[in-house]
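S.K.: Got a structure here, written out as structure tokens. Questions coming.
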Ligand SMILES: [Zn+2]
């Protein structure tokens, strides 16, 4: 085995030689000339390093302490608001404590790239690994800090001014800690008094009614009690004695109940009468031995084929099976570490980020819905009762988040499903980690709003040229009856160029009436009562308008775009009800408020520095916050061939909980692929489920603390996410830290609660609860690492870092995340001087996924990707559920010319083949095959020169390779078994995706081949390392 030093990046020319000379790296420099033809992608490890290499991979650099442990500004930093005096709605309600940290401080790239590696001797780098691993002072560590921000250096939270002071017993003054006291019995008694405390402080609370409704932390719950005495009935702390017939019922046989599984206990609690303790632990150890594969230590330089051939599954938390079978589906809720470290010190040692990834409103086939007057929640922390609480007896349950003992309300004794009385453990709330409640009136601030949809169309000359209006109006006509809603649904339309046009759809009109407002400096709404109208009652007028709109502006020569004023009018129109604004824009806004100037400089595109990722104006963000305050979300459809400053425009969606769609170079004739994409995505967009006036809160077991949120929303009050709209395609992430030691606790729980108004006007609460074990050793922390979740969270953090500091800073931090964690593993767990790059089995794909992130559109360098495309990729990172984020980062590659039914799925009588997933390297391709690359939002089918005749004729419908067009964008629908097979496979992949993946069928000579090869993460490109080179770099840093 070669010495680490010899494999270093400074001796690149040797790499290939070393491999060839007999390292066990079997897949080494296999030359595959297949793809070499015109494209400058080579995968040979023996070729010389690209000149740009020194700039691509940073060496480890200590963070400049001055930048603090938290120098990636979070998306939700709202400091600019403090000086903002808006027109009075949102902001006057917000708690206005100044945010102590302004993100602008962070835009100074304090931790600059080190000198190029070529000039770096090991001595020039931080020598002592200790400073990366054990430093009690986090600021000594590397670029990426996972710890909790220091008090006083807060991130994004609006802090209600009064939540702090009276929390006696809570010494750390964490603003996120929802619990007032420790879980000891004596302190629990204090809870009884907390209601009084809050009464005292109520007067100074900045009113936040939604906070009160969802009932957040301890403050909110007490507000709730104060404001709404009726709630006390529902939390049921006192109930009449049991009905006579039940009084003498003997307790159910414990052995028959699942309760034993639920009664794992914390060391702090006084009621541990039914100890799971020892049993529980043994099972856990047993669990470990069951997964011996998971205990393997892998030398990545020797074992290359680490990518599983089927989709990578989330690790299964190491819990007793009775608990685990009740746990939340990882598609909805997962954690970066499925073994939670019991202290922050342990977490710091692991150098892995701790956080949650959520897909809370995902479409579900099965969702238990509970209609009950009694929604049972913890009286202290407002946690919803869930499968992981413990029942001390039939009448008392103990909260798994704050350990308070609560009474079981009388109503809860009756199980509406089994119609049996006296077995609360069989209630659906205690049997399902995911559940939805029909919320009683206590959960409403006002009557549930009707669904209101407002469409805002750019009709400038440029917009008309693209021909998009036809497509969109047709889609709307087709899907008008499928818009989620009921008899109350309202709809309206605004168009704009340099002026703003409203459409009166008043009942009785024979045709829609257009009203033009040309004063864009001070927009007003003419006849507001007739602009948003009931869909059912005015359907004909609406259809009439949609049919005529595309023709109305065909002669327009107006090139200006007054997007800002148009959005202002839309906001005014929607304010009384709330709802959804869908805005279609085709260029850079040029007049009125919010006008923007081009900042795209093509010659800087490839550089990692000095690119404009930050908004050039805060107009869109401020307007978004106004919208958020009125329960209005704005979805942006950008259809533009030219730079449109998505970094600025995107803020309108980001902070109002909207979505961004992007169709570069949309043209109704020249770009049929985009036309299909828009049409398919609009159908999904218009018909998917929607929730209105929503708020979401994530709670976790006392001792853990959530400190940073990622996604599209606005953080109202401390930890309440304001989501004027919520949709099934939105993902969220949060970062956490361990604030108080979890010693003596065996498990912790996380619960997200999403309160929303359905399109049918029902107030509902969707609750997900996840339970995870706590561990005390570093090795266990590594064993439980969820590499996909870690990658997803790091991607979110890297977007923030790109914006607050710089792209190169973010790239450094990503690389350091790998180096730091693997160094820590080597030093603290293995204690080994063995050569190679040793990783725990759970992290075997970590370097690969981070390399994939570096090559992903958001973070790549050395490309000519348009700035807006990069920004859009970043929007997707922030807003997509993990599964899609992973696909766009590390696509799935399949060989599809020989699909068989072996191992196929059978869904609704359709056979769906399941080909193996291949590594992303050209050496996996062969000329006699056809390969499908699924990158989430795009699919590419590459057909090799010698591809079998059968595939060409039976699937592609061409007689031979030569007749294959350079680029096809659809599969012909042929009446052959082969065609049906691949057709059903592709449809299955496309199903339920928020973005419609267009399909390109390409041959070797196609111009798109370069794009195809860019997804080959393991190969070298002009500007990025191959996987093997990256491993060598990591190894060099780790083994120092
Ligand atoms: Zn509680």
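Cβ coordinates are placed from backbone N, Cα and C, and glycine is handled just like the others.
All annotation found in TrEMBL is predicted automatically rather than curated by experts.
Pasting the relevant annotations from TrEMBL:
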- 1-136: region 'Disordered' (REGION)
- 24-46: compositional bias 'Polar residues' (COMPBIAS)
- 73-92: compositional bias 'Polar residues' (COMPBIAS)
- 163-186: region 'Disordered' (REGION)
- 375-411: domain 'Zinc finger Sec23/Sec24-type' (DOMAIN)
- 448-686: domain 'Sec23/Sec24 trunk' (DOMAIN)
- 691-775: domain 'Sec23/Sec24 beta-sandwich' (DOMAIN)
- 786-886: domain 'Sec23/Sec24 helical' (DOMAIN)
- 912-973: domain 'Gelsolin-like' (DOMAIN)
S.K.: Between 0 and 100, where does the mean pLDDT of the domain 'Sec23/Sec24 trunk' (448-686) sit?
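M.R.: Across the domain 'Sec23/Sec24 trunk' (448-686), the average pLDDT comes out at 93.
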S.K.: With DSSP, how much of the domain 'Zinc finger Sec23/Sec24-type' (375-411) is helix, how much strand and how much coil, in residues?
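M.R.: The counts are 2 helix, 12 strand, 23 coil.
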S.K.: Report the DSSP secondary-structure composition of the domain 'Sec23/Sec24 helical' (786-886) as helix, strand and coil residue counts.
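M.R.: Counting residues per DSSP class in the domain 'Sec23/Sec24 helical' (786-886), I get 73 helix, 3 strand, 25 coil.
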S.K.: Using DSSP, what's the helix, strand and coil tally for the domain 'Sec23/Sec24 beta-sandwich' (691-775)?
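M.R.: Reading the DSSP string over the domain 'Sec23/Sec24 beta-sandwich' (691-775) gives 0 helix, 60 strand, 25 coil.
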S.K.: Per DSSP, what is the helix/strand/coil residue tally across the domain 'Gelsolin-like' (912-973)?
M.R.: 12 helix, 16 strand, 34 coil
